[in-house]
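Chemist: So that we are looking at the same thing, I have put the structure below in C-alpha coordinates.
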Amino acid sequence: MPVPVDDSTAVLEPTEGIERPTKPAVKSRKRFVGSSKAATSRPVVRRVANQVPDDILHDKELNAAIAALPGNYNFEIHKTIYHIRRDNVQSVALQMPEGLMMYGCAIADIIERFTGALPMMLADVTYGACCIDDYTAKEMGAEMIVHYGHSCLIPVSQTTLKTLYVFVEIGIDTPHLSLSVRRNFPSSRSAFQRLILGAGEAAPGGKVPIALESTDESAQATPDLSTNDLPTRLALVSTIQFVAATQALRADLETAMPPLEKGEIEQEEEGMVAKVKRGDIGVWRGKYEVTVPQAKPLSPGEVLGCTAPKLNDVDALIYVGDGRFHLESIMIANPTVPAFRYDPYSKKFTREVYDHTEMRGLRGEAVKAARKNLDDQGSGSWAVLLGTLGRQGSLAVLKSIQNSLPADSLPPLLLLLSELSPAKLALLPNSQISTFIQTSCPRLSIDWGYAFSRPLLSPYEASVAVGRVKGWGGLSLDNGKEGGKLEGEGDYPMDFYADNSLGDWTPRHNPPRPRPARVRPQAQGCAQD
(Lines of atoms letter the chains of each structure in order from A and count residues from 1; the text may use other names and numbers.)
(Lines give C-alpha, C1' and ligand atoms only; values in the text may rest on other atoms or scores of the structure.)
Protein backbone atom coordinates (compact mmCIF):
# COMPACT_ATOMS: atom_id res chain seq x y z
CA MET A 1 0.00 0.00 0.00
CA PRO A 2 1.55 3.37 -0.99
CA VAL A 3 2.56 5.69 1.82
CA PRO A 4 1.03 9.18 1.61
CA VAL A 5 3.48 12.00 1.14
CA ASP A 6 3.41 14.98 3.48
CA ASP A 7 3.71 17.98 1.15
CA SER A 8 4.89 20.19 4.00
CA THR A 9 8.07 18.13 4.40
CA ALA A 10 8.69 17.16 0.79
CA VAL A 11 12.24 17.79 -0.45
CA LEU A 12 12.67 19.27 -3.91
CA GLU A 13 15.40 17.59 -5.94
CA PRO A 14 17.73 19.73 -8.08
CA THR A 15 16.38 20.23 -11.58
CA GLU A 16 18.54 18.63 -14.24
CA GLY A 17 20.54 21.12 -16.26
CA ILE A 18 20.05 24.00 -13.79
CA GLU A 19 22.90 24.83 -11.40
CA ARG A 20 22.16 26.18 -7.94
CA PRO A 21 23.82 29.53 -7.08
CA THR A 22 26.87 29.11 -4.85
CA LYS A 23 26.51 32.51 -3.20
CA PRO A 24 23.74 35.01 -2.71
CA ALA A 25 23.01 37.24 -5.65
CA VAL A 26 24.35 40.79 -5.33
CA LYS A 27 21.60 43.35 -5.10
CA SER A 28 21.67 46.10 -7.69
CA ARG A 29 22.50 49.57 -6.46
CA LYS A 30 19.68 52.07 -6.25
CA ARG A 31 19.93 54.98 -8.63
CA PHE A 32 17.95 57.32 -6.42
CA VAL A 33 18.12 57.28 -2.64
CA GLY A 34 15.46 58.85 -0.50
CA SER A 35 13.48 58.41 2.65
CA SER A 36 10.15 56.65 2.82
CA LYS A 37 7.46 57.62 5.28
CA ALA A 38 5.43 54.48 4.71
CA ALA A 39 5.05 52.36 7.82
CA THR A 40 6.24 48.79 7.71
CA SER A 41 2.89 47.13 8.24
CA ARG A 42 0.73 44.54 6.56
CA PRO A 43 -0.56 45.44 3.11
CA VAL A 44 -3.98 47.01 3.06
CA VAL A 45 -6.64 44.62 1.77
CA ARG A 46 -9.07 46.57 -0.37
CA ARG A 47 -12.54 45.20 -0.79
CA VAL A 48 -13.64 44.66 -4.36
CA ALA A 49 -16.49 46.88 -5.50
CA ASN A 50 -19.92 45.31 -4.91
CA GLN A 51 -18.37 42.52 -2.86
CA VAL A 52 -20.86 41.22 -0.30
CA PRO A 53 -19.70 41.96 3.27
CA ASP A 54 -18.98 39.12 5.66
CA ASP A 55 -21.73 40.15 8.07
CA ILE A 56 -24.25 39.30 5.35
CA LEU A 57 -22.50 36.19 4.07
CA HIS A 58 -22.23 34.69 7.56
CA ASP A 59 -25.59 35.78 8.93
CA LYS A 60 -26.88 32.57 10.51
CA GLU A 61 -30.54 33.56 10.40
CA LEU A 62 -30.28 34.64 6.77
CA ASN A 63 -28.50 31.44 5.78
CA ALA A 64 -31.14 29.40 7.59
CA ALA A 65 -33.85 31.16 5.58
CA ILE A 66 -31.96 30.62 2.32
CA ALA A 67 -31.73 26.91 3.14
CA ALA A 68 -35.46 26.67 2.43
CA LEU A 69 -34.69 27.26 -1.27
CA PRO A 70 -33.26 24.51 -3.52
CA GLY A 71 -29.56 24.11 -2.80
CA ASN A 72 -28.57 23.71 -6.45
CA TYR A 73 -30.33 26.94 -7.50
CA ASN A 74 -28.22 30.07 -6.99
CA PHE A 75 -30.68 32.91 -6.38
CA GLU A 76 -27.86 35.18 -5.13
CA ILE A 77 -29.84 36.18 -2.05
CA HIS A 78 -26.79 37.57 -0.24
CA LYS A 79 -25.98 39.84 -3.16
CA THR A 80 -29.59 41.01 -3.42
CA ILE A 81 -29.78 41.80 0.30
CA TYR A 82 -26.52 43.74 0.08
CA HIS A 83 -27.67 45.91 -2.83
CA ILE A 84 -31.01 46.69 -1.18
CA ARG A 85 -29.37 47.67 2.10
CA ARG A 86 -26.56 49.64 0.47
CA ASP A 87 -28.90 51.79 -1.62
CA ASN A 88 -31.56 52.01 1.10
CA VAL A 89 -34.21 50.64 -1.27
CA GLN A 90 -37.71 50.82 0.20
CA SER A 91 -39.59 48.90 -2.49
CA VAL A 92 -38.27 46.26 -4.90
CA ALA A 93 -39.96 44.50 -7.83
CA LEU A 94 -39.26 40.81 -8.45
CA GLN A 95 -39.67 39.42 -11.96
CA MET A 96 -39.10 35.80 -12.94
CA PRO A 97 -40.27 33.26 -15.54
CA GLU A 98 -43.10 30.89 -14.72
CA GLY A 99 -40.70 28.05 -13.94
CA LEU A 100 -39.32 29.99 -10.96
CA MET A 101 -42.56 31.54 -9.71
CA MET A 102 -42.94 28.73 -7.16
CA TYR A 103 -39.98 30.21 -5.27
CA GLY A 104 -41.12 33.81 -5.59
CA CYS A 105 -43.02 34.02 -2.31
CA ALA A 106 -40.13 32.55 -0.32
CA ILE A 107 -37.68 35.01 -1.89
CA ALA A 108 -40.05 37.91 -1.22
CA ASP A 109 -40.38 36.88 2.44
CA ILE A 110 -36.60 36.73 2.85
CA ILE A 111 -36.13 40.17 1.29
CA GLU A 112 -38.82 41.76 3.44
CA ARG A 113 -37.55 40.15 6.63
CA PHE A 114 -33.87 41.03 6.24
CA THR A 115 -34.11 44.42 4.51
CA GLY A 116 -37.47 45.89 5.45
CA ALA A 117 -38.11 46.71 1.78
CA LEU A 118 -41.54 46.08 0.32
CA PRO A 119 -41.34 43.31 -2.34
CA MET A 120 -43.67 43.32 -5.35
CA MET A 121 -44.11 40.29 -7.58
CA LEU A 122 -44.58 40.99 -11.31
CA ALA A 123 -46.78 38.08 -12.37
CA ASP A 124 -47.07 38.85 -16.08
CA VAL A 125 -45.62 36.24 -18.40
CA THR A 126 -41.84 36.51 -18.89
CA TYR A 127 -40.33 34.75 -21.89
CA GLY A 128 -36.81 36.14 -21.69
CA ALA A 129 -34.59 39.04 -20.72
CA CYS A 130 -36.27 41.10 -23.45
CA CYS A 131 -39.39 41.03 -21.26
CA ILE A 132 -37.82 42.88 -18.33
CA ASP A 133 -40.57 45.24 -17.22
CA ASP A 134 -38.78 48.15 -15.60
CA TYR A 135 -41.43 50.55 -16.91
CA THR A 136 -44.24 48.87 -14.98
CA ALA A 137 -42.05 48.43 -11.91
CA LYS A 138 -41.28 52.15 -11.82
CA GLU A 139 -44.92 53.11 -12.30
CA MET A 140 -45.80 50.85 -9.36
CA GLY A 141 -43.39 52.79 -7.16
CA ALA A 142 -40.50 50.34 -7.12
CA GLU A 143 -37.02 51.73 -6.64
CA MET A 144 -35.29 48.57 -7.86
CA ILE A 145 -36.11 45.54 -9.99
CA VAL A 146 -34.54 42.09 -9.69
CA HIS A 147 -34.90 40.01 -12.86
CA TYR A 148 -34.34 36.27 -12.44
CA GLY A 149 -33.41 33.56 -14.90
CA HIS A 150 -31.99 35.55 -17.81
CA SER A 151 -28.81 37.34 -18.80
CA CYS A 152 -28.24 41.10 -19.07
CA LEU A 153 -29.80 41.54 -22.49
CA ILE A 154 -31.04 45.05 -21.74
CA PRO A 155 -28.07 46.98 -20.26
CA VAL A 156 -28.60 48.37 -16.76
CA SER A 157 -27.57 51.75 -18.14
CA GLN A 158 -30.74 51.79 -20.26
CA THR A 159 -33.29 50.77 -17.63
CA THR A 160 -35.37 53.38 -15.83
CA LEU A 161 -34.49 52.23 -12.30
CA LYS A 162 -31.81 50.26 -10.50
CA THR A 163 -31.67 46.78 -12.04
CA LEU A 164 -30.13 43.56 -10.80
CA TYR A 165 -29.95 40.48 -13.04
CA VAL A 166 -29.78 37.11 -11.30
CA PHE A 167 -28.90 34.31 -13.72
CA VAL A 168 -30.03 31.55 -11.32
CA GLU A 169 -27.20 29.20 -12.15
CA ILE A 170 -28.25 25.60 -11.58
CA GLY A 171 -25.79 23.07 -10.27
CA ILE A 172 -25.84 19.77 -12.16
CA ASP A 173 -23.97 16.48 -12.10
CA THR A 174 -20.99 17.61 -14.20
CA PRO A 175 -19.01 14.34 -13.79
CA HIS A 176 -21.99 12.45 -15.22
CA LEU A 177 -22.18 14.93 -18.09
CA SER A 178 -18.49 14.53 -18.88
CA LEU A 179 -18.58 10.74 -18.73
CA SER A 180 -21.78 10.70 -20.82
CA VAL A 181 -20.00 12.62 -23.56
CA ARG A 182 -16.98 10.33 -23.43
CA ARG A 183 -19.12 7.21 -23.41
CA ASN A 184 -21.24 8.26 -26.40
CA PHE A 185 -18.94 10.42 -28.52
CA PRO A 186 -15.60 9.02 -29.69
CA SER A 187 -12.65 11.33 -29.19
CA SER A 188 -11.35 10.07 -32.54
CA ARG A 189 -12.78 12.15 -35.38
CA SER A 190 -12.93 9.27 -37.84
CA ALA A 191 -14.59 7.00 -35.26
CA PHE A 192 -17.11 9.73 -34.46
CA GLN A 193 -18.08 10.13 -38.09
CA ARG A 194 -18.32 6.37 -38.56
CA LEU A 195 -20.13 5.37 -35.36
CA ILE A 196 -22.25 8.45 -34.59
CA LEU A 197 -22.94 10.32 -37.80
CA GLY A 198 -23.36 7.01 -39.60
CA ALA A 199 -26.29 6.10 -37.37
CA GLY A 200 -28.79 7.35 -39.95
CA GLU A 201 -31.39 10.09 -40.02
CA ALA A 202 -34.75 10.23 -38.32
CA ALA A 203 -38.05 11.64 -39.46
CA PRO A 204 -38.33 15.44 -39.37
CA GLY A 205 -38.68 16.67 -35.81
CA GLY A 206 -37.80 13.28 -34.36
CA LYS A 207 -34.73 11.67 -32.88
CA VAL A 208 -32.22 9.14 -34.08
CA PRO A 209 -30.41 6.62 -31.89
CA ILE A 210 -26.78 7.11 -31.01
CA ALA A 211 -24.74 4.23 -32.34
CA LEU A 212 -22.81 3.60 -29.14
CA GLU A 213 -26.04 3.08 -27.22
CA SER A 214 -26.59 -0.21 -29.00
CA THR A 215 -25.96 -3.56 -27.35
CA ASP A 216 -23.26 -4.51 -29.81
CA GLU A 217 -20.19 -5.83 -28.04
CA SER A 218 -17.90 -3.53 -29.97
CA ALA A 219 -19.79 -0.53 -28.67
CA GLN A 220 -19.40 -1.64 -25.06
CA ALA A 221 -15.74 -2.51 -25.23
CA THR A 222 -13.08 -0.14 -23.98
CA PRO A 223 -12.08 2.14 -26.91
CA ASP A 224 -8.66 1.69 -28.46
CA LEU A 225 -6.43 4.69 -27.82
CA SER A 226 -3.57 3.61 -30.03
CA THR A 227 -4.83 5.59 -33.02
CA ASN A 228 -3.25 8.92 -33.86
CA ASP A 229 -6.41 10.24 -35.47
CA LEU A 230 -7.45 13.87 -35.18
CA PRO A 231 -9.65 14.79 -32.19
CA THR A 232 -13.40 15.21 -32.50
CA ARG A 233 -14.45 18.86 -32.75
CA LEU A 234 -17.37 19.73 -30.47
CA ALA A 235 -19.22 23.00 -29.88
CA LEU A 236 -20.80 23.42 -26.42
CA VAL A 237 -23.81 25.69 -25.85
CA SER A 238 -26.52 26.09 -23.22
CA THR A 239 -28.85 28.56 -21.58
CA ILE A 240 -27.42 31.00 -19.05
CA GLN A 241 -28.28 28.64 -16.16
CA PHE A 242 -25.80 26.01 -17.36
CA VAL A 243 -23.01 28.15 -18.84
CA ALA A 244 -20.75 27.38 -15.88
CA ALA A 245 -21.37 23.65 -16.40
CA THR A 246 -20.42 23.89 -20.08
CA GLN A 247 -17.17 25.64 -19.16
CA ALA A 248 -16.35 22.86 -16.71
CA LEU A 249 -17.21 20.30 -19.40
CA ARG A 250 -14.86 22.03 -21.80
CA ALA A 251 -11.99 21.76 -19.34
CA ASP A 252 -12.68 18.05 -18.84
CA LEU A 253 -12.90 17.22 -22.53
CA GLU A 254 -9.81 19.17 -23.54
CA THR A 255 -7.70 17.03 -21.21
CA ALA A 256 -7.10 13.39 -22.02
CA MET A 257 -7.98 10.92 -19.30
CA PRO A 258 -5.13 8.81 -17.92
CA PRO A 259 -4.86 5.18 -19.09
CA LEU A 260 -6.92 2.59 -17.27
CA GLU A 261 -5.22 1.49 -14.08
CA LYS A 262 -5.74 -2.02 -12.93
CA GLY A 263 -7.13 -2.21 -9.46
CA GLU A 264 -6.69 -4.74 -6.73
CA ILE A 265 -5.96 -8.28 -7.92
CA GLU A 266 -8.42 -10.88 -6.75
CA GLN A 267 -8.18 -14.66 -6.91
CA GLU A 268 -11.10 -16.38 -8.61
CA GLU A 269 -11.73 -19.91 -9.74
CA GLU A 270 -10.65 -19.19 -13.32
CA GLY A 271 -7.47 -17.34 -12.28
CA MET A 272 -6.25 -13.88 -11.43
CA VAL A 273 -8.69 -11.05 -12.29
CA ALA A 274 -7.94 -7.32 -12.18
CA LYS A 275 -10.78 -5.05 -11.08
CA VAL A 276 -11.38 -1.67 -12.72
CA LYS A 277 -13.98 0.97 -12.07
CA ARG A 278 -17.23 0.23 -13.79
CA GLY A 279 -17.53 3.80 -15.07
CA ASP A 280 -14.18 3.56 -16.83
CA ILE A 281 -15.31 0.79 -19.16
CA GLY A 282 -16.36 1.92 -22.63
CA VAL A 283 -15.18 5.51 -22.10
CA TRP A 284 -13.19 7.31 -24.78
CA ARG A 285 -10.14 8.64 -22.98
CA GLY A 286 -8.62 10.93 -25.60
CA LYS A 287 -8.95 14.69 -25.69
CA TYR A 288 -11.48 16.60 -27.77
CA GLU A 289 -11.18 19.87 -29.65
CA VAL A 290 -13.82 21.97 -27.91
CA THR A 291 -15.31 25.30 -28.95
CA VAL A 292 -17.55 27.47 -26.78
CA PRO A 293 -18.96 29.91 -29.36
CA GLN A 294 -20.20 33.38 -28.54
CA ALA A 295 -22.69 35.75 -30.12
CA LYS A 296 -21.96 39.04 -28.40
CA PRO A 297 -23.34 40.53 -26.19
CA LEU A 298 -24.29 37.07 -24.88
CA SER A 299 -21.96 35.12 -22.64
CA PRO A 300 -19.67 32.50 -24.24
CA GLY A 301 -21.74 29.39 -24.88
CA GLU A 302 -25.07 31.11 -24.26
CA VAL A 303 -27.87 30.86 -26.81
CA LEU A 304 -31.29 32.50 -26.93
CA GLY A 305 -34.36 31.44 -28.83
CA CYS A 306 -33.72 34.30 -31.26
CA THR A 307 -29.92 34.63 -31.12
CA ALA A 308 -27.26 32.00 -31.72
CA PRO A 309 -23.70 32.03 -33.10
CA LYS A 310 -22.55 30.63 -36.41
CA LEU A 311 -20.32 27.57 -36.12
CA ASN A 312 -17.26 26.82 -38.21
CA ASP A 313 -15.19 23.64 -38.43
CA VAL A 314 -17.06 21.53 -35.87
CA ASP A 315 -18.22 17.94 -36.11
CA ALA A 316 -21.22 18.35 -33.81
CA LEU A 317 -22.78 20.63 -31.22
CA ILE A 318 -23.89 19.65 -27.74
CA TYR A 319 -26.64 21.62 -26.03
CA VAL A 320 -27.00 21.38 -22.25
CA GLY A 321 -30.53 22.15 -21.13
CA ASP A 322 -34.12 20.96 -21.07
CA GLY A 323 -36.50 21.56 -23.96
CA ARG A 324 -35.75 22.41 -27.58
CA PHE A 325 -36.62 26.11 -27.89
CA HIS A 326 -33.10 27.48 -27.41
CA LEU A 327 -31.50 24.52 -29.17
CA GLU A 328 -33.62 25.10 -32.28
CA SER A 329 -32.17 28.59 -32.57
CA ILE A 330 -28.61 27.38 -33.13
CA MET A 331 -29.89 24.50 -35.28
CA ILE A 332 -31.64 26.99 -37.59
CA ALA A 333 -28.47 29.08 -37.83
CA ASN A 334 -26.31 25.98 -38.50
CA PRO A 335 -28.42 23.51 -40.51
CA THR A 336 -25.50 21.26 -41.48
CA VAL A 337 -24.12 20.70 -37.96
CA PRO A 338 -25.42 17.57 -36.14
CA ALA A 339 -27.04 18.54 -32.84
CA PHE A 340 -27.24 16.60 -29.58
CA ARG A 341 -29.02 17.54 -26.37
CA TYR A 342 -28.12 16.58 -22.81
CA ASP A 343 -31.02 17.00 -20.40
CA PRO A 344 -29.48 17.67 -16.96
CA TYR A 345 -32.70 16.65 -15.20
CA SER A 346 -33.36 13.29 -16.85
CA LYS A 347 -29.62 12.81 -17.59
CA LYS A 348 -30.36 11.61 -21.10
CA PHE A 349 -28.55 12.27 -24.36
CA THR A 350 -30.63 12.56 -27.53
CA ARG A 351 -29.83 13.49 -31.09
CA GLU A 352 -32.11 16.28 -32.27
CA VAL A 353 -33.12 17.12 -35.83
CA TYR A 354 -35.00 20.02 -37.38
CA ASP A 355 -37.02 20.14 -40.58
CA HIS A 356 -35.25 23.05 -42.26
CA THR A 357 -36.96 22.39 -45.59
CA GLU A 358 -40.45 22.77 -44.14
CA MET A 359 -39.55 25.86 -42.11
CA ARG A 360 -37.90 27.63 -45.04
CA GLY A 361 -40.77 26.70 -47.30
CA LEU A 362 -43.41 28.10 -44.94
CA ARG A 363 -41.48 31.30 -44.33
CA GLY A 364 -40.79 31.67 -48.03
CA GLU A 365 -44.49 31.47 -48.86
CA ALA A 366 -45.25 34.13 -46.25
CA VAL A 367 -42.58 36.45 -47.66
CA LYS A 368 -43.86 35.96 -51.21
CA ALA A 369 -47.43 36.70 -50.14
CA ALA A 370 -46.32 39.85 -48.30
CA ARG A 371 -44.36 41.06 -51.31
CA LYS A 372 -47.35 40.48 -53.57
CA ASN A 373 -49.59 42.42 -51.17
CA LEU A 374 -47.08 45.27 -51.15
CA ASP A 375 -47.16 45.55 -54.94
CA ASP A 376 -50.96 45.35 -55.00
CA GLN A 377 -52.13 48.53 -53.29
CA GLY A 378 -55.72 47.39 -53.48
CA SER A 379 -55.08 44.55 -51.03
CA GLY A 380 -54.56 46.78 -48.00
CA SER A 381 -51.58 48.18 -46.16
CA TRP A 382 -48.98 46.58 -43.96
CA ALA A 383 -49.37 46.77 -40.19
CA VAL A 384 -46.34 47.03 -37.90
CA LEU A 385 -46.87 45.48 -34.46
CA LEU A 386 -44.72 47.05 -31.76
CA GLY A 387 -44.40 44.65 -28.84
CA THR A 388 -45.15 46.15 -25.43
CA LEU A 389 -44.28 43.11 -23.29
CA GLY A 390 -41.42 44.49 -21.25
CA ARG A 391 -38.65 45.75 -23.54
CA GLN A 392 -39.59 43.68 -26.60
CA GLY A 393 -40.58 46.71 -28.61
CA SER A 394 -37.74 48.65 -30.25
CA LEU A 395 -38.33 52.08 -31.73
CA ALA A 396 -35.14 51.73 -33.78
CA VAL A 397 -36.49 48.54 -35.40
CA LEU A 398 -39.84 50.24 -35.98
CA LYS A 399 -38.14 53.16 -37.71
CA SER A 400 -36.07 50.78 -39.84
CA ILE A 401 -39.18 48.98 -41.06
CA GLN A 402 -41.02 52.22 -41.82
CA ASN A 403 -38.08 53.63 -43.78
CA SER A 404 -37.68 50.44 -45.81
CA LEU A 405 -41.14 50.58 -47.37
CA PRO A 406 -41.39 51.92 -50.93
CA ALA A 407 -42.35 55.57 -51.24
CA ASP A 408 -45.41 54.75 -53.37
CA SER A 409 -46.78 52.14 -50.94
CA LEU A 410 -49.62 52.71 -48.51
CA PRO A 411 -48.45 54.08 -45.14
CA PRO A 412 -48.21 51.31 -42.55
CA LEU A 413 -50.58 51.05 -39.62
CA LEU A 414 -48.91 51.03 -36.20
CA LEU A 415 -50.33 48.66 -33.57
CA LEU A 416 -49.23 48.20 -29.95
CA LEU A 417 -49.66 44.68 -28.56
CA SER A 418 -48.24 42.86 -25.56
CA GLU A 419 -48.98 39.36 -26.90
CA LEU A 420 -50.01 38.10 -30.31
CA SER A 421 -52.60 35.48 -31.12
CA PRO A 422 -54.38 34.42 -34.33
CA ALA A 423 -57.75 35.22 -32.77
CA LYS A 424 -56.73 38.76 -31.83
CA LEU A 425 -55.29 39.64 -35.24
CA ALA A 426 -58.29 38.08 -36.97
CA LEU A 427 -60.42 40.88 -35.50
CA LEU A 428 -58.70 43.39 -37.78
CA PRO A 429 -60.36 43.68 -41.23
CA ASN A 430 -58.66 41.96 -44.16
CA SER A 431 -59.68 44.77 -46.49
CA GLN A 432 -57.50 47.28 -44.63
CA ILE A 433 -54.54 45.14 -43.52
CA SER A 434 -52.86 42.58 -45.76
CA THR A 435 -49.64 41.80 -43.85
CA PHE A 436 -48.40 41.98 -40.26
CA ILE A 437 -44.80 42.77 -39.30
CA GLN A 438 -44.17 41.93 -35.64
CA THR A 439 -41.14 43.25 -33.75
CA SER A 440 -41.54 41.19 -30.56
CA CYS A 441 -39.67 37.96 -31.35
CA PRO A 442 -38.62 36.28 -34.61
CA ARG A 443 -39.67 32.90 -33.24
CA LEU A 444 -43.31 34.02 -33.22
CA SER A 445 -43.15 34.12 -37.02
CA ILE A 446 -40.97 31.03 -37.42
CA ASP A 447 -42.88 28.78 -35.00
CA TRP A 448 -46.44 30.11 -35.24
CA GLY A 449 -46.63 32.07 -38.48
CA TYR A 450 -48.55 29.28 -40.23
CA ALA A 451 -51.43 29.65 -37.73
CA PHE A 452 -52.28 33.21 -38.86
CA SER A 453 -54.58 33.87 -41.79
CA ARG A 454 -52.34 36.65 -43.13
CA PRO A 455 -48.55 36.79 -43.42
CA LEU A 456 -46.86 37.43 -40.07
CA LEU A 457 -43.28 38.45 -40.80
CA SER A 458 -40.31 39.15 -38.59
CA PRO A 459 -38.26 42.32 -39.23
CA TYR A 460 -35.68 40.26 -41.13
CA GLU A 461 -38.34 38.66 -43.32
CA ALA A 462 -39.85 42.09 -43.97
CA SER A 463 -36.44 43.29 -45.15
CA VAL A 464 -36.33 40.32 -47.52
CA ALA A 465 -39.81 41.09 -48.81
CA VAL A 466 -38.92 44.70 -49.69
CA GLY A 467 -35.64 43.67 -51.31
CA ARG A 468 -33.18 45.08 -48.75
CA VAL A 469 -31.51 41.67 -48.38
CA LYS A 470 -31.54 38.60 -50.62
CA GLY A 471 -32.84 36.12 -48.07
CA TRP A 472 -31.87 32.54 -47.35
CA GLY A 473 -30.91 29.75 -49.70
CA GLY A 474 -33.79 28.26 -51.67
CA LEU A 475 -35.88 31.44 -51.63
CA SER A 476 -36.73 32.94 -55.02
CA LEU A 477 -38.69 36.19 -55.29
CA ASP A 478 -39.99 38.17 -58.24
CA ASN A 479 -38.00 41.36 -58.68
CA GLY A 480 -41.13 43.46 -59.15
CA LYS A 481 -41.08 46.12 -61.84
CA GLU A 482 -37.42 45.46 -62.67
CA GLY A 483 -38.23 41.89 -63.66
CA GLY A 484 -36.23 38.76 -63.08
CA LYS A 485 -35.74 36.80 -59.87
CA LEU A 486 -34.07 37.52 -56.55
CA GLU A 487 -32.33 34.34 -55.44
CA GLY A 488 -31.54 33.88 -51.77
CA GLU A 489 -28.29 32.50 -50.44
CA GLY A 490 -26.83 31.32 -47.17
CA ASP A 491 -28.60 30.16 -44.03
CA TYR A 492 -31.53 31.63 -42.16
CA PRO A 493 -29.89 34.01 -39.63
CA MET A 494 -30.61 33.92 -35.91
CA ASP A 495 -28.98 37.20 -34.87
CA PHE A 496 -31.84 39.28 -33.50
CA TYR A 497 -29.94 40.52 -30.42
CA ALA A 498 -26.42 40.10 -31.79
CA ASP A 499 -24.16 43.11 -32.10
CA ASN A 500 -22.92 41.97 -35.51
CA SER A 501 -26.35 41.30 -37.00
CA LEU A 502 -26.99 41.57 -40.72
CA GLY A 503 -28.86 44.87 -40.67
CA ASP A 504 -30.52 47.63 -38.70
CA TRP A 505 -33.78 45.69 -38.47
CA THR A 506 -32.40 44.23 -35.22
CA PRO A 507 -32.31 46.13 -31.88
CA ARG A 508 -28.54 46.03 -31.28
CA HIS A 509 -27.17 46.31 -34.80
CA ASN A 510 -23.69 47.80 -34.56
CA PRO A 511 -22.01 47.94 -37.96
CA PRO A 512 -18.22 47.83 -37.87
CA ARG A 513 -16.67 51.24 -38.15
CA PRO A 514 -14.36 51.71 -41.13
CA ARG A 515 -10.78 52.12 -40.09
CA PRO A 516 -9.23 55.41 -41.19
CA ALA A 517 -6.63 54.99 -43.88
CA ARG A 518 -3.11 55.33 -42.59
CA VAL A 519 -1.16 57.93 -44.53
CA ARG A 520 2.49 57.02 -44.81
CA PRO A 521 4.69 60.14 -44.44
CA GLN A 522 6.62 61.15 -47.52
CA ALA A 523 10.37 60.66 -47.30
CA GLN A 524 12.31 63.93 -47.30
CA GLY A 525 15.01 63.99 -49.99
CA CYS A 526 18.49 65.39 -49.31
CA ALA A 527 19.06 68.86 -50.69
CA GLN A 528 21.69 69.00 -53.38
CA ASP A 529 24.16 71.79 -53.80
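Positions of Cβ are set from backbone N, Cα and C atoms, glycine also.
These came from Swiss-Prot, pasted as-is:
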BINDING   Cys130, Cys306, Cys441  [4Fe-4S] cluster binding site
REGION    1-38  region 'Disordered'
REGION    498-529  region 'Disordered'
Chemist: Using DSSP and collapsing to three states, where does Cys130 ([4Fe-4S] cluster binding site) fall: helix, strand or coil?
Modeler: helix
Chemist: If one looks at the chain holding Cys130 ([4Fe-4S] cluster binding site), which residues at least 6 apart in sequence have a CB under 8 angstroms from its CB?
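Modeler: Long-range Cβ contacts: Leu153, Ile154, Gly390, Arg391, Gln392, Cys441, Tyr497.
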Chemist: For Cys306 ([4Fe-4S] cluster binding site), what residues in its own chain, 6 or more apart in sequence, show a Cβ-Cβ distance under 8 Å?
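Modeler: In sequence order, the residues whose Cβ lies under 8 Å from that of Cys306 ([4Fe-4S] cluster binding site) (at least 6 apart) are Ser329, Cys441, Pro442, Arg443, Met494, Phe496, Tyr497.
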Chemist: Secondary structure at Cys306 ([4Fe-4S] cluster binding site) (DSSP, helix/strand/coil)?
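Modeler: Cys306 ([4Fe-4S] cluster binding site) sits in coil per DSSP, no helix or strand.
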Chemist: Near the Cβ of Cys441 ([4Fe-4S] cluster binding site), how many other Cβ atoms are there if near means within 10 Å?
Modeler: 22
